[in-house]
Amino acid sequence: MKVLAAGVVPLLLVLHWKHGAGSPLPITPVNATCATRHPCPSNLMNQIRNQLGQLNSSANSLFILYYTAQGEPFPNNLDKLCSPNVTDFPPFHANGTEKARLVELYRIIAYLGASLGNITRDQKVLNPYAHGLHSKLSTTADVLRGLLSNVLCRLCSKYHVSHVDVTYGPDTSGKDVFQKKKLGCQLLGKYKQVIAVLAQAF
């Protein structure tokens, strides 16, 4: 495994972040002061809403592209194989304060970014010629990275939050082919479900 960031990488990150589609999402160190690299734009919440809307509008087509690329038995057994039963997924409470919702959004986006990295890595091996799927996964990961950066900027500039504890989904590298496909399908089913809620909440 290649360590993509210089310096000491937290053990949790090493164990669970195997992001094959690019560099890791930025995770703020525990001792970081609340300072952003660039001033936050004045329309930051609009950008966050737009990014959530963009992700929501493309989530279903990504899900369809994914399960179609896996072949049988996935397209005809979606309820069984792709149900969004992701037990360790971070919670979201739409009726919380803006600060609480942004912290939960940050956790969800970090979780999804790491999971998409695993899915992308697996799909490049399992379905090397599914270029449309690879491209869609990569585009989604790029938007997630931008969204994560914007959420952190808002948390830092308005609420002085410099660190959010995050968790990651299961690492798929030791799973068999079918389990990799199934976990990816379940995760994208959950992503489609939760991104619709998030888009409404902001």
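Note that the numbers count up from 1, one per residue, in the order the chain is shown.
Including glycine, each Cβ sits where the backbone N, Cα and C put it.
Swiss-Prot has this to say about the protein:
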DISULFID  C34-C156  disulfide bond
DISULFID  C40-C153  disulfide bond
DISULFID  C82-C185  disulfide bond
CARBOHYD  N31  N-linked glycosylation site
CARBOHYD  N56  N-linked glycosylation site
CARBOHYD  N85  N-linked glycosylation site
CARBOHYD  N95  N-linked glycosylation site
CARBOHYD  N118  N-linked glycosylation site
SIGNAL    1-22  signal peptide
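Cα proximity to C153 (disulfide bond) (within 10 Å) is found for the following recorded positions from C34, N56, C82, N85, N118, C185: C34. Per Cα geometry, N85 is the residue among the recorded positions C34, N56, N85, N95, C156 nearest to N118 (N-linked glycosylation site). Among the recorded positions listed (C34, N56, N95, C156), N56 has its Cα nearest to the Cα of N85 (N-linked glycosylation site). Counted over every protein chain shown, other Cβ atoms within 10 Å are most numerous around C185 among the disulfide-bonded residues C153, C156, C185. Reduced to three states, the DSSP call for C40 (disulfide bond) is coil.
The disulfide-bonded residues in question are C34, C40, C82, and the one with the fewest Cβ neighbours inside 10 Å is C34.
Reported as a whole number, the C-alpha separation between C156 (disulfide bond) and C82 (disulfide bond) equals 36 Å.
The Cβ of N85 (N-linked glycosylation site) has 9 neighbouring Cβ atoms from other residues within 10 Å, across all protein chains displayed. Looking at N56, N95, N118, the glycosylation sites in this record, the fewest other C-beta atoms within 10 angstroms of the C-beta turn up around N95. Calculated from their C-alpha atoms, the gap between C34 (disulfide bond) and N95 (N-linked glycosylation site) amounts to 26 Å.
Taken residue by residue with DSSP, C153 (disulfide bond) is part of a helix. With respect to C82 (disulfide bond), the closest of these recorded positions in Cα terms is N56, chosen from C40, N56, N95.
Using CA atoms as reference points, the recorded positions C40, N95, C185 were checked against N56 (N-linked glycosylation site), and the closest is C185.
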